[in-house]
Amino acid sequence: MRFDRIRLQNFKPYAETDLDLTDGVTVIHGLNGSGKSSLLEACFFALYGARALDENLEDVMTTGTEEAEIELWFTHDGGSYHIHRRLRKSGDRVQTAKCLLEGPDVSVDGARDVRGFVADLLRMDAEAFVNCAYVRQGEVNKLINATPSQRQDTIDDLLQLGKLEEYRVRAGKARLGVEDVLTERRGALSKVESQIEAKEDAGLHERLNALETELGEVDDQIERYEDQREKAVETRENAEEVLETYREKRAELDELAEDIADLRETIESDERKRETLRSEVGEARDSVEEIRDRIEKKRAETTLDEVTSDAIAARRDELDEREAEIRSDLTDVRERRTMLSNQAKKLRERAEEFESRAAEKRSRADELDDDAEDAEEELEQRSARLEELEAELESLTAEFEDAPVELGEAASHRDEVRETLTDVRAELTETNAEGENVRDRLTEARELRDEGKCPECGQPVEDSPHVDSIGEYEARIEELEATLSDLRERRETLNSRLERAESLVETENRIGELRNSRELFEQRIEDARETVEERRTEAETLREAADKLEAEADEKRTAATTQAEAAEDAAETVEGLESDLESVAEAESRLDTLSDLRSKLTETESEIERLEERRESIAELNDERRERLAEKRDRRSELADEVDESTVEEAKAKKEKAENYLEQVDEELATLREKRDSLQSDIGGVNGELEQLEALREDRDELAARVDALESLHAETEELEAMYGDLRAELRQRNVETLERMLNETFDLVYGNDAYSRIRLDGEYELTVFQKDGTALDPEQLSGGERALFNLSLRCAIYRLLAEGIEGAAPMPPLILDEPTVFLDSGHVSRLVDLVDEMRDLGVRQIIIVSHDDELVGAADELVTVEKDPTSNRSSVRQEDPEELIAAESFAGD
Ligand SMILES: Nc1ncnc2c1ncn2[C@@H]1O[C@H](COP(=O)(O)OP(=O)(O)OP(=O)(O)O)[C@@H](O)[C@H]1O
Ligand SMILES: [Zn+2]
């Protein structure tokens, strides 16, 4: 078997990887954690699924991805196979979405079927594969640490010796089953035999003869007693018959006496009954007379000529017709009465309504008059106020007659005067200031003149022009004084004129106000006048309407009275009709009385007839009874003659005797019959036992034959079981010997040390290592490296044994070693290289080794480098030429 190609997608650290694998030694190398082991696991997973890796599907799919694919192509026994697995995440779980194996003429679908198919094809299940072909990392010590029996199981399993054990166990089970059945049958047989013996000892035939003789004797006795019993019964019956006849006659006599007494009594009582009936008939006849009288009297009260049912019916029809007429009239008149009184009521209501509406209108009219009066009063007040206004207006207007301005110009006039006054005041102030100034200069000039200096320049004043100006100054002052007094006069005049103007402005404003008021009042007076007019007219209209309504109310009232009178008339008619109805009812009741009387009469008459009939029939019955009475008397005297007492006594004695005998014989017979029954059942029992004996003998023969057959079967199964056991032991012994030899050869090859003489693998699969001096060592006592070498040897030996054992029937899978050099020093790595060479020489087609050891790399035919991208954490593979790599590395080393 050979792996050809593996393709991965999202398997563990691999995103996308496709790797071709070839014959020879392939070394997979790379740094720790780069994904080397994962690559091997992928091959293993492809073949057997996740459980074989002790992992879940979740573990094999690259974390964070949703889908993974694993494809493995391999060649086996000349055929090419392809396994394709696809995993898909659904929720938290990962499921196998596809698992398909295709090979020559075969296609297997489904994870379980594929696993089964691969195990059959390679003749190895996952565990066997791991034990023989795939040395997993860290599991080097597994076979050494295993107990001998575990080791035995593993190796037996690989060599398919387990099958023989299975067959042996099965044969053992069959033997045990046969033993169970045999024991049970043997028990049954001895039971049957002891039963037969017991029965044969019992002397069944003799017992049967004795019982049958006794039964014959008892039967004879029974027959005899039965004959005698029959005779006694006959005697007793005859006596009983005699007694019975006697008893019957006595009974008949008693009965007859009773009958005779009864008959006589019945006849007498019936005669009394007839008497009563006769007087009842008489009474009924009287009553008929009385009823006839009453009928005649009643008829006289009616219009009937004769009292027949036809006449009564005719009269009743007449009355019914009359009643119907009256009732229909009554209905009409009642309706009319109701209608009229309703109308009267309505009319009265209308009249009242009109009246109340008229009253309303009148009170409204009164209110309107009041309003009009109020309005007139106000009108007068306003007129008076208007007159006052006009008087004031007139006097104020008069104020303007001697005024300096016209009405309406007072304000502008006042403003003019105020302006002029302001000008005059300003002029006055100016003039005053100038006067002051001129006076100051004059004073200064006078002082200078007095000092003799020019007031202007302080030069001596001789002929100074400045002194001349004193005169000027004095003239100017005079002038200014005149202007001042003039201005003062003007100011006074203006002040009084302003006062007057302001009072005029006030008057003028007041006149404006008054004029407005007057206009307003005039308008209001006009309004009041209109209101008075309107109210009065409206009151008038309302009163007219009230008059009209009152007239209408009067009309309605009259009409109401008319209708009420008509209603009263109708009511009277109703009363008349009702009394008519009453008299019709009376007439009808008279007719009823008559019919009642008539039917009573008929009843009484038929009662009389009935009573007469009863009397008659009673008489007939009594005649019959008298005849029967005579007969019974005759029979009584006849019987009295027949009864004879002595015959009776004789019969009684005979009967008693027979009865005594019967009692005794019945007892005896019962005893005998019981005895017979028990004898018969004893005979039945003996016969039954004889039959049983026969059946038991048949059973015994059958059981004996069966036990013989089982015994020979048991012997056969024992042989078979022993044969499988021997065969396995023999095969195992052969295997153990071969395995021991191969283990020693391999160990010599890889260890090549003089310390150990040989390894022993005994029949119990116990492994022992012997040192040169002959002391024995448990393999677990070896050093780590020695143990690794020992294990490798054991594995390779098993692999070789298997390869030879199968003898080409099923080509061996590739030998897969994961990190075999971990514990080895460089010398031993070379030995491992030798081992690998040897395995190849021995015909192992494909060897796949995971290692980072250079020497092993050198031994490789094919080199696969695994790398992991540190940023993406995804692994990838690269196929390289081993020669080149070694060269490059040693170059780098120099
Ligand atoms: N399901 C997974 N998804 C992603 N990465 C995974 C998954 N399972 C394992 N890995 C990664 O794969 C790597 C383990 O690979 P593997 O055991 O094949 O390494 P190795 O090359 O054999 O290392 P060593 O030399 O140490 O034996 C680890 O880095 C781990 O994080
Ligand atoms: Zn690893």
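Glycine too: its Cβ is placed from the backbone N, Cα and C atoms.
As recorded in TrEMBL:
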type: BINDING; residues: K12, N32, G33, S34, G35, K36, S37, S38, Q137; note: ATP binding site
type: BINDING; residues: C454, C457; note: Zn(2+) binding site
type: COMPBIAS; residues: 349-366; note: compositional bias 'Basic and acidic residues'
type: COMPBIAS; residues: 367-379; note: compositional bias 'Acidic residues'
type: COMPBIAS; residues: 445-454; note: compositional bias 'Basic and acidic residues'
type: COMPBIAS; residues: 529-558; note: compositional bias 'Basic and acidic residues'
type: COMPBIAS; residues: 566-585; note: compositional bias 'Acidic residues'
type: COMPBIAS; residues: 587-639; note: compositional bias 'Basic and acidic residues'
type: COMPBIAS; residues: 649-659; note: compositional bias 'Basic and acidic residues'
type: DOMAIN; residues: 407-506; note: domain 'Zinc-hook'
type: REGION; residues: 334-383; note: region 'Disordered'
type: REGION; residues: 445-468; note: region 'Disordered'
type: REGION; residues: 529-659; note: region 'Disordered'
type: REGION; residues: 867-894; note: region 'Disordered'
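Annotated features taken from TrEMBL, shown on the structure.
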| residue | record | Cβ within 10 Å |
| --- | --- | --- |
| K12 | ATP binding site | 20 |
| G33 | ATP binding site | 13 |
| G35 | ATP binding site | 25 |
| S37 | ATP binding site | 18 |
Does the compositional bias 'Basic and acidic residues' (349-366) reach the compositional bias 'Acidic residues' (566-585) with at least 3 CB pairs under 8 A, where each pair is 6 or more residues apart? no
Going by DSSP, give the three-state secondary structure for G35 (ATP binding site). coil
Same-chain residues at least 6 beyond the ends of the compositional bias 'Acidic residues' (566-585) with a Cβ under 8 Å from one of its Cβ atoms are 319, 322-323, 326-327, 329-330, 333-334, 336-337, 340-341, 344
Ranked by Cβ pairs within a distance under 8 Å of the compositional bias 'Basic and acidic residues' (529-558), the first of 367-379, 445-454, 649-659 is 367-379
Of G33, G35, S37, the binding-site residues with C-beta less than 6 Å from an atom of ligand 2, in sequence order, are S37
Could you give the residue numbers and ranges of same-chain residues that sit at least 6 residues beyond the compositional bias 'Acidic residues' (367-379) on either side and whose C-beta is under 8 angstroms from one of its C-beta atoms? 525, 528-529, 531-532, 535-536, 538-539, 542
So which residues does the compositional bias 'Basic and acidic residues' (649-659) touch in its own chain, when a touch means Cβ under 8 Å and the partner is 6 or more beyond its ends? 232-233, 235-236, 238-240, 242-243, 246
Calculate the per-residue pLDDT averaged over the domain 'Zinc-hook' (407-506) and state the result as an integer. 85
So how many of the residues in the compositional bias 'Acidic residues' (566-585) end up helix, strand or coil by DSSP? 20 helix, 0 strand, 0 coil
